[in-house]
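> The structure follows.
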């Protein structure tokens, strides 16, 4: 056994997880005797399991997860207390609401898991074709094992992660689309192992004798490290490196290749796709945090109530006559029980009696509101993109209301603000500028069909450089030529009149450059048999053998190819960012090219520099040895490859530079301007160079012409120390106002100078670098705080030359600042995923850089312009709806339970319930639940068109303004006031009582039968009507469904009460509510009293609204009044010529349409159009 394999072998079965790599035996064949020990390893089968539960563990596992929620666990404890001790209310009163919440949640989660089971079974039972003993055997996908050789045909998906052995193509390549993994629809090229590509039949592939050593499964889709050892006769095995170009991922699809043979290396839940679908960290919204804070307050109130009543009970019972009245003597066991035990039991009984102040049903209502409300985003036609044929997606509904609280927006530039649709503009070779068509005095010359140059014609040497430049751009890329007539119904071709092929690449820049070269006379034809073919200006085909590709990465910011010409010369061509190329140049016209690059960057064009060097045969051999040794390494392969690339890519001769244009997305500038007006600070985080990014920022109105630009860049820190630069900038932004700190919105005010900050990645690293131990604040400890202070006083910030990790660091820095602002990150590429996951809300753009950002985001939108409606309309609505829902739930529960607390003072603290068991149980479930749920789904306090036109309205709800403590206290005191009115209003009605001739006790005032249940029913009736009408007063957007639910809920309460007390139910042991409700309604003064108490209860809130709107109106309230007035006084309005009394302080009339395009729009007012409203009545 070879020593190098020793680290792969586990000492025992239990240590398998510690092995950092695995050995796969192709076709399950043992290695030749003496080569290495055959140690079969156990791997999982190919079964995909995305479900959470099984049939057997669903109930216990789901219950365990639900009772981990504090509110559910609390109510379970209350329910158990009611079962164990003698409590004043039936266990049903707590058990039924809890059972309802648990059941609804379980059904929802169970249904979602059943769908996952269904999808899993469909995947696991798909047929796959496996090679066994030279024959093709068909089996189910779930039975596939690591080591099996699989045959996949064109347009089939790969059943697991595979290493490509051979293909139907002679060159051993195949084409694959990974749209289901990362959204990239382009065809990627994958390569078979050179020593196995000839084995392309069932009989031949079965004779392969080889093992694969590779890393253990890890989720990075674009990284793979391994090597294959091929045994030929009795010789030492041939080792070949394996990389991501050999790895076919599960879920990808084979294209333009008849068939392939590959070996399974990762199966089932160890495939990269399965590892990427694991759940992300849970994000919590500010509203949810407020809810938890309020629950703690109400829990303290509950404990305080129970404690006060327990103490007062024993104070009351200090008198023996009160302790044991003649009609309620204690038993002997009760007398002997210790007073502390009795007190604790009474305390628990009071806790049970008052526990309804904690609204358990609020959680299920909030969950339903978020789940159903998220559909309004997906249904919104304004956010549907016809070009992509897709609308907005909601990946998580837990953060809907957070869209209305955003203070910082972090956006990528390329593909997010810009279209990522590149167009070749020009190239510069040795100072000479080339464009696709000749331009003379602003006119395109008709004769210029092929190539033309601006500036003087070059000499012979320059001509040679020029052609070498064109060849370099035609060869240094990963573009593929797709041989199909049409794509998306559009014919695309290389040669005129021959619509047979077109260019595809994962990078739009590369396609633009190759197409630009074609327009300048050099056409890239194809890659065939490892040879790249170019059609030159003389229509001659030049062939270059492709020897090595040094792939692009975001750290190096360049890529290279090594080719051999027909004459046997070796060339290393390299293209990349100017910052990555210029330091490696030893000759060439650097100054002229640099000047042109800077000029193009200022114009907002994307620039790349192109360089080359010739290699001798010996140098090429050294390069091959360096690359192969790095590629064969199983440990730290990326690091060794990076070091090898750094050694190889040096001593270049500069050829020139290219410029491509990435146009600004439609309405991107308008969106950014609206976000600024809404009080949000917009930061652009990009990897582009400073000049290009700055030009884009001006075009997108991130920077205005009046903006004073502050630079915190490497160039400036080379002239001054970082400490001095930071203090100078800090002094600048604060100098105009002394030491006054500007608020979040001051950047838009005319009274302040508008500042914009530009910082690059290198300087940011220095700012974020932790201070050395023992260092003072001046030497580096305070850099972070000074930087934040500068940023806080700038209306916009541009961060350029940023690595993906730095984007996340910036977001994290702002999140952790002392204000703890709500952040939103938006991007379209894999390099934006880290900041999307870091931000409070992550939004992915479904762009051309793949769907990684969209997959990892909380929300996905087709274009950047849709962010405006997402935040200013949907975010605004979601927040005001859920804020009202939360406050209203606490309010109505205070109204519900505080009369019960007051009642104890009039019943000797005997724990007597005020309400009937049925009322206690159904209050939150039936009588008051639907109106607030509907309100939280369809309320529109302001028309959506006004919200879009006036972004400043977003400021009215900023910083969780509707859930601040003063507002919470107001709602609580309003609930207490209403409860006092209910209780004492009803109490005074029962003040004078007389006995009738048949011995019944009647009230003198209302001629009602006097008793505990009559009193409680009267209070409860006023309660239900008051809290429901309070919600009606708060409703601005009235639809037929509002009327149906609000008045229907009240009608249901009346009908239920009539049936509950009007029929003798056989399943009840006693019926204390019999005839109570009907007898109460038979009294005329009782009706008047109910109406009077409801009006008195609602009066303070109405007065408060009127006074606030008259004396201190918010922007929202002004618009509500003006909108209501314009609707009523419009000469074309439906109310023309009619006398109208409108209570503008609580309601805004809204017109509805009778028909909508979609049936569900009856429940989705967020998508109603202005035109439809005007047509409706």
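Glycine is treated like the rest: Cβ placed from N, Cα and C.
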> Can you check which of 221-244, 245-268, 269-292, 293-316 TrEMBL lists as transmembrane segment?
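In TrEMBL, the transmembrane segment feature sits at 293-316.
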> Quick test of your reading of TrEMBL: among 876-896, 897-917, 918-938, where does it put transmembrane segment?
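In TrEMBL, the transmembrane segment feature sits at 918-938.
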> Per TrEMBL, which of 327-346, 347-366, 367-386 is transmembrane segment?
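Within the set 327-346, 347-366, 367-386, TrEMBL attaches transmembrane segment to 347-366.
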> Do you know which of 29-47, 48-66, 67-85 TrEMBL annotates as transmembrane segment?
67-85
> With TrEMBL as the source, identify the stretch among 853-875, 945-967, 968-990, 1106-1128 annotated transmembrane segment.
968-990
> Restricting to the same chain and to residues at least six past its boundaries, which positions have a Cβ under 8 Å from a Cβ of the transmembrane segment (347-366)?
69, 71-72, 74-75, 78, 81-82, 85-89, 93-94, 97-98, 100-101, 104-105, 291, 295, 298-299, 301-303, 305-307, 309-310, 882, 885-886, 889-890, 893-894, 896-897, 900-901, 904, 911, 913, 920, 923-925, 929, 932-933, 936
> Over the domain 'P-type ATPase C-terminal' (854-1114), what is the model's mean pLDDT?
85
> Kindly say whether the transmembrane segment (1010-1032) and the transmembrane segment (918-938) touch, using the definition of 3 or more Cβ pairs under 8 Å where each pair is 6 or more positions apart.
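Stretch pair touches.
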> Looking at the stretches 67-85, 293-316, 968-990, 1044-1068, 1074-1099, which one shares the most CB pairs under 8 Å with the transmembrane segment (918-938)?
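It is 1044-1068 that shares the most Cβ pairs under 8 Å with the transmembrane segment (918-938).
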> For the transmembrane segment (1044-1068), could you work out the same-chain residues 6 or more beyond its ends whose Cβ comes under 8 Å from its Cβ atoms?
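Result: 916, 918, 922, 926-928, 930-931, 934, 1017, 1021, 1024-1025, 1028, 1031-1032, 1035, 1074-1078.
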> Looking only at Cβ atoms, how many others are within 10 Å of the one on residue 552 (ATP binding site)?
19
> Using a 10 Å radius around its CB, how many other CB atoms surround residue 831 (ATP binding site)?
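For residue 831 (ATP binding site), the 10 Å Cβ neighbour count is 22.
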> Count up the helix, strand and coil residues in the domain 'P-type ATPase N-terminal' (40-94) according to DSSP, in that order.
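The counts are 28 helix, 0 strand, 27 coil.
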> Looking only at Cβ atoms, how many others are within 10 Å of the one on residue 606 (ATP binding site)?
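Looking across every protein chain shown, the total is 23.
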> Let me check the 10 A CB neighbour count of residue 414 (ATP binding site). How many other CB atoms are there?
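Its Cβ shell of radius 10 Å holds 27 other Cβ atoms.
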> Going by DSSP assignments with H, G and I as helix and E and B as strand, what are the residue counts for the domain 'P-type ATPase A' (127-190)?
7 helix, 38 strand, 19 coil
